[in-house]
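**Student:** Pasting in a structure now, in structure tokens, and then I'll have a few things to ask.
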């Protein structure tokens, strides 16, 4: 299990590193869409380099040995980097627009539009996830609940009824 997960980490790190080096290095790749892809690689690189090693140990060992404070910090960064990655993937829908409306694409997808999109993709998840986990809004009202676990150092993000509700 460790070797498979380590392979995924190495592919994630190297693949995103190639993108992060290539786009700034070559002037031909300087386009609004490529800056969107560069930003996505910038979100995915720390996921592979910083988040995945600790998540790998937690997944395989089923225990968290690094304390509650570091777990909250790790979980906040995990969620804060995962959501921008997902939002960037959703934003790459601009490729559909480029194929379907190629004559209008260059006038509608400008650098300022991409900048606003990137600001939204990074700021909204950061504010939401750090606020949610660090201020413990996800567990308010759950202080009397007991979680039965096999490991003493088990850490899992729990969510109260308000945050766990599905529409």
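Using the three backbone atoms N, Cα and C, a Cβ is placed for every residue, glycine included.
Note: TrEMBL annotation is automatic and uncurated.
Feature annotation from TrEMBL assigns transmembrane segment to 6-23, 35-56, 86-105, 117-135. The annotation domain 'G-protein coupled receptors family 1 profile' is assigned in TrEMBL to 15-167.
Please situate the listed features within the shown structure.
**Tutor:** If one looks beyond the transmembrane segment (35-56) by at least 6 residues along the same chain, the residues whose Cβ comes under 8 Å of a Cβ in the stretch are 2, 5-6, 8-9, 12-13, 15-17, 19-20, 23-24, 66, 74, 77-78, 81-82, 84-85, 88-89, 91-92, 94, 111, 114, 117-118, 121-122.
Sequence-distant contacts of the transmembrane segment (86-105) (same chain, at least 6 residues past either end, Cβ-Cβ under 8 Å): 33, 36-37, 39-40, 43, 117, 120-121, 124-125.
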